[in-house]
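**Student:** Below are the features listed in Swiss-Prot for this protein:
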- GLY2: N-acetylglycine (MOD_RES)
- CYS15, CYS18, HIS19, MET81: heme c binding site (BINDING)
- TYR49: phosphotyrosine (MOD_RES)
- LYS56: N6-succinyllysine (MOD_RES)
- LYS73: N6-acetyllysine (MOD_RES)
- LYS73: N6-succinyllysine (MOD_RES)
- TYR98: phosphotyrosine (MOD_RES)
- LYS100: N6-acetyllysine (MOD_RES)
Amino acid sequence: MGDVEKGKKIFVQKCAQCHTVEKGGKHKTGPNLHGLFGRKTGQAVGFSYTDANKNKGITWGEETLMEYLENPKKYIPGTKMIFAGIKKKGERADLIAYLKKATNE
């Protein structure tokens, strides 16, 4: 399991420009991530997803996020997320630890 505080810093640097995590948070360029764990791809209410995201059919969890965050466009070809990914496994683990906490508060 990663470090929540390090993960928060990564989120602020790399994700917060496009995503919010708090309950009732607004969608930005990307969807609000509250309730992410256990949710299927392309299911945040009120966000306009690509068919690629809607049709991927996986459920977000630690393993799926670990793979997705390494290279989003490879994992879901056709996603509109314009983020190259996080190559370092430790950084992805930290970010996932933060997301697991922050999207469930």
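Note: Cβ is positioned from N, Cα and C throughout, glycine not excepted.
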**Student:** CA-CA, which of the modified residues LYS73, TYR98, LYS100 lies nearest CYS15 (heme c binding site)?
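**Tutor:** Answer for the nearest of the modified residues: TYR98.
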**Student:** What is the maximum Cα to Cα distance, in Å and rounded to a whole number, among the residues CYS15, CYS18, HIS19, MET81 annotated as binding heme c?
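**Tutor:** Looking at CYS15, CYS18, HIS19, MET81 as a set, their Cα atoms extend up to 11 Å apart.
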**Student:** Nearest by CA distance to LYS100 (N6-acetyllysine): which of the recorded positions is it, out of CYS18, HIS19, TYR49, LYS56, MET81?
**Tutor:** HIS19
**Student:** Relative to the Cα of CYS18 (heme c binding site), which of the modified residues TYR49, LYS56, LYS73, TYR98 has the closest Cα?
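**Tutor:** Going through TYR49, LYS56, LYS73, TYR98 one by one, the closest to CYS18 (heme c binding site) is TYR49.
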**Student:** Express the distance between the Cα positions of GLY2 (N-acetylglycine) and TYR98 (phosphotyrosine) as a whole number of Å.
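**Tutor:** Cα of GLY2 (N-acetylglycine) to Cα of TYR98 (phosphotyrosine) measures 8 Å after rounding.
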**Student:** Around the Cβ of TYR98 (phosphotyrosine), how many other Cβ atoms lie within 10 Å? Please give the count over every shown protein chain.
**Tutor:** 23
**Student:** Rounded to the nearest angstrom, how far is the Cα of LYS73 (N6-acetyllysine) from the Cα of MET81 (heme c binding site)?
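**Tutor:** So the alpha carbons of MET81 (heme c binding site) and LYS73 (N6-acetyllysine) sit roughly 8 Å from each other.
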**Student:** Among the binding-site residues CYS15, CYS18, MET81, which residue has the fewest other Cβ atoms within 10 Å of its own Cβ?
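**Tutor:** Minimum Cβ neighbour count within 10 Å, taken over the binding-site residues CYS15, CYS18, MET81, occurs at CYS18.
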**Student:** Using the recorded heme c site (CYS15, CYS18, HIS19, MET81) as reference, state which further residues of the same chain have their Cβ within 8 Å of the centre of those residues' Cβ atoms, listed in sequence order.
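**Tutor:** Near the heme c site, the remaining chain residues are LYS14, ALA16, GLN17, LYS28, THR29, GLY30, LEU33, PHE83.
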**Student:** Counting across all protein chains shown, how many other Cβ atoms sit within 10 Å of the Cβ of TYR49 (phosphotyrosine)?
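**Tutor:** Looking across every protein chain shown, the total is 17.
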**Student:** Give me the count of other Cβ atoms within 10 A of the Cβ belonging to HIS19 (heme c binding site).
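**Tutor:** Its Cβ shell of radius 10 Å holds 22 other Cβ atoms.
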